[in-house]
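So the structure is just underneath, and the comments pick up after that.
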Amino acid sequence: MADVDQGSVAPTETSPALDSLNATDTNGTDAVNATVAKFVATPEGTALAYGSLVFMALLPIFFGALRSVTCSKSKNSSDMPETITSRDAARFPIIASCTLFGLYLFFKIFSQEYINMLLSMYFFVLGILALSHTMSPFMNRVVPASVPNKLYQLLFTQGTGESKEEIVNYEFDTRDLFCLVISAVVGVWYILKKHWVANNLFGLAFALNGVELLHLNNVSTGCILLGGLFVYDVFWVFGTNVMVTVAKSFEAPIKLVFPQDLLERGLNASNFAMLGLGDIVIPGIFIALLLRFDVSLKKNTRTYFYTSFLAYIFGLGLTIFVMHTFKAAQPALLYLVPACIGFPVVVALLKGELTELFRYEETPPETEETSPEETTETEKKDQ
């Protein structure tokens, strides 16, 4: 009976490590050895749980990567991606470590109950927004065009006249409102019941939005980020008990869970295997970058995307195998990072495209192209 413990590395992301012989109840609290003694997972239940976790992890990476291609070309300010530079990537493990240790101190000093209450409300709001954004493209395809669809704009500005500055400019329609209502229902369900299905809906939405909206500007930045978090994950799992402590205390949809006793207890199952969102989002944004690189080559192939996607499956499978073999906690990024970086680099070497791969640089949409009229206007202003 193994689960994946996770420590917080950002407000909505985690960098988890695999941990063995821990069980959790439906509220995410540690069930300790008493629960383990009462229930022993069957091989079928364990296989179903981990197979389901791997499958769920692949969904946000695959669809998030596809949506990141569209997102990178978007002109809508509300859909603009957040670009991670090499400086951001180098700082990220340090910020993640401070966040993780800060949470550890909070749980040691203050009441766990009140902290988790605040965290639940925080992720309740974020979860509704993330799930609504995830559902929106699907709703546009499902709802017939004959159904009336009104457009709305939420605009907040500061100042007047020429000094007026936009603070928030968000455009949405009737279908977006419908998605928001459905997401709110899921949010209330999660707050009241903390059911694992509601947790997974929010977790998948967070992961997909992370892969879609967090963009690395080049492969070198991706290597810096993954390399730094590789060291971060190994240190906090093997070097201290901080990550495991925070993971057991933290009640929020920052992980995907699947019960190992589903076959025996159905939806009321309570013995979970878990996978933190960091093991999905961090490799996922690198895989999405490789898909956009494939698109930039204009060869109608997705070689690097599929290579890194298969590498992720291999790395996650290897993590689970090592965990069960040695019956000890394993930092998942220890296996995912070398696989996700190494496989595409080997393919690039074989194809003679290594230089081209590392020279690829993403340009923000607003600076990619300018029309002749815009160019003429700019030249006139310069003159």
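Glycine is treated like the rest: Cβ placed from N, Cα and C.
Keep in mind that TrEMBL annotations are predicted by a computer and have not been checked by a curator.
Taken from TrEMBL as is:
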REGION    1-24  region 'Disordered'
COMPBIAS  9-24  compositional bias 'Polar residues'
TRANSMEM  47-69  transmembrane segment
TRANSMEM  89-107  transmembrane segment
TRANSMEM  113-131  transmembrane segment
TRANSMEM  174-192  transmembrane segment
TRANSMEM  223-247  transmembrane segment
TRANSMEM  267-291  transmembrane segment
TRANSMEM  303-326  transmembrane segment
TRANSMEM  332-350  transmembrane segment
REGION    361-383  region 'Disordered'
COMPBIAS  363-376  compositional bias 'Acidic residues'
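Among the recorded stretches 47-69, 174-192, 223-247, 303-326, 332-350, the one sharing the largest number of Cβ pairs closer than 8 Å with the transmembrane segment (89-107) is 223-247. Ranked by number of Cβ pairs under 8 Å to the transmembrane segment (47-69), the listed stretches 223-247, 303-326, 332-350 are led by 303-326. For the transmembrane segment (303-326), the list of distant contacts is 2, 18-20, 50, 54, 57-58, 61-62, 65, 279, 283, 286-287, 290-291, 293-294, 332, 334-340, 342-344, 347-348, 351, 357: same-chain residues at least six beyond its ends, Cβ to Cβ under 8 Å.
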